[in-house]
Every structure is written in structure tokens, then in C-alpha cells.
């Protein structure tokens, strides 16, 4: 028994075909949108690729780009089929392609669902890559004369200003690395010598942060050096007073920025999935209604359209049986080949 049967006359079939033609072109524009979102996300990730530990984060934008291109081509082809279905003579050439096309649409919808899921779960991968990438990038902040690293200072400063953040987890991360190059240190100064000697690795460490950590909204001039030394500043207590530098870590700020972007993209992809699902269902009705015409030579004759020719249980059972029969046929073919080889061996010995 067919599932969700609907009766069609010529007017309903024409209306369905015209509506599907329009929806297919909306889907083409949706594919362009998905493609564009993938490009935007890729560009945003590329801007800060120096602060990311690996290239796995580009898998999601690449998936969006590929799905968008595939969706445009698939729906443009579907629009042509719907347009030709208004004329039975033109539609006859598409009949052999309808079932494979609908199967391709079903696979495409699964790909859309997986892509949306990747958008929602990418935060976990980003958190790890940003944690290691920012930590590594901060160590190269001082290497303005080293080829390949001379841009890192500008990149980190612009990021901290744009996202109003400081350090990896917080501003104290700058206390653990030497972020001032040796060329700008006066090694004849007693303070510099003492700081270098007090460190096991011979690095110049201090409780200070780069200027880009300063909060311009603070009424007090920026205290970026001797942050933990209360006696070095008038009326200052770094434990109780609100600091005039950004206290939020850049990893958290970037994660929040990218997560908001990815969640928005994921929701849009789900909306595209709903549109594609509606188009696939409509195409199935159009296909079955044209296949079941009571009089194929009379376009005005009535017909029935359905989603599944059998019930869900019967459809699943027949699908599984088909898979089993394919497995058995492959096994028989391999047995025949093996038997032929043995027969040939026996003949050769005799």
C-alpha cells in the first residue's frame, strides 16, 4: 500500500511543477548563499591562521563551499526537469533519471545535515587549536627581525585591540614569556641584569603587557608595567581595583566570535535543508503522479502520487533484502572464479 497518496489532475500537476521550478531556483540561490558563507568563514579563519595550530579548522568552510557548489548544480538540473514536466513529450527523456536524481537529492540532504552538525561542533576543535596556536604566537611576539615571524607582533596587537582581550587565557600569560626583544634591552642596567639572572632560562620576564592590552575607556592612564606592584603606582591595588587593561583572554574572545558565526551558519544550513527536503518531497510526488497516469497519451487524465510505494516497514525490508541479494551474488561470482581456477589446475596436471 502506497504511503501518503494524493490524487492529481492536470491543474494540480501543472501547479506542482511550476511551484517546484520556482523552489528549485530559490534552492540555487540558497546554494550560492551557503557557498558565500563558506568563503566568508574561510577568509575569517585565514586572517588568524598564524594563531591556529593546524589546518583542520578549514574543513568546515571547505565543506560549505563544496556543498554550496553541488547544491547549485543539483537544483539547476532539478529546475530543468520541473520545467520540462509541463510537457509529457519533453518529460519522457527524463524518466530514466528520476530515481537516481531523487536518490542524489536524498544523499545531498544528508550532507547538508552533516555540514550543519559540523558547524555546531567545530567549537571543540577550535578551542584546542587556538590554545596551542596563541601560546606559540605569543612566544614569537618579540621576533620582529626574524623572517617569517616579523608580522606576529602586528597580528597579535591588532587582534587584542579588535577583540578587547589580552593573552591566551588572561593578561598574566604575558608574565611567563619574554615579549621584549633583546635589541631593546639595556644590558648595562642593573634591573635588566637582575631580571635575567633571576630566571633559570636567562629570559627577561616582568609583570607587564603590550600596549594593545590597554583599555582606552579607562579614565586612568594605562598601567602596563609593574601591574602586580601596588607601591609603584599611586592609589592602586591590583587585587581589588578594576585594572585598566583587558582581563579577558583572547582564546575565549575568539571562541565566542567564531562560535557565534558558526551557530548562525549552522542555523542557515538547517533552513536550506528544510527547503531542499520540501523540494525532494515535491519532486517525488511529481514523479509518481506522472508515472501513474491512467492514460499516458492523455495529459488531462487523473493520476495518483505518493511518497513510498509501500509502507515504511516493507520499504526497509525490501531494501535490506536487496543488499543481501547483492552480497550473495558477489559471493557466488567469487566461488565460480575459484572453482574455475581449480578446474584449470586439475586439467594442467592431467
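From the backbone N, Cα and C atoms, a Cβ is placed for every residue, glycine too.
According to TrEMBL, the region 'Disordered' annotation covers 330-350.
Residues or ranges marked as transmembrane segment by TrEMBL: 20-41 (among others).
Summarising the annotation, TrEMBL assigns transmembrane segment to 62-81 (among others). Among residues of the same chain six or more beyond the transmembrane segment (62-81), those with a C-beta under 8 A of the stretch's C-beta atoms are 20-21, 24-25, 27-28, 30-39, 41-42, 91, 94, 97-98, 101, 104-105, 108, 111-112, 115, 118-119, 265, 269, 272, 276, 279, 283.
Long-range Cβ contacts of the transmembrane segment (101-126) within its own chain (Cβ-Cβ under 8 Å, at least 6 residues beyond either end) map to 56-57, 59-60, 63-64, 67, 70-71, 74, 77-78, 81, 254-255, 258-259, 262-263, 265-266, 269-270, 272-273, 276-277, 279-280, 283-284, 287. Taken from TrEMBL, the feature transmembrane segment covers 101-126 (among others).
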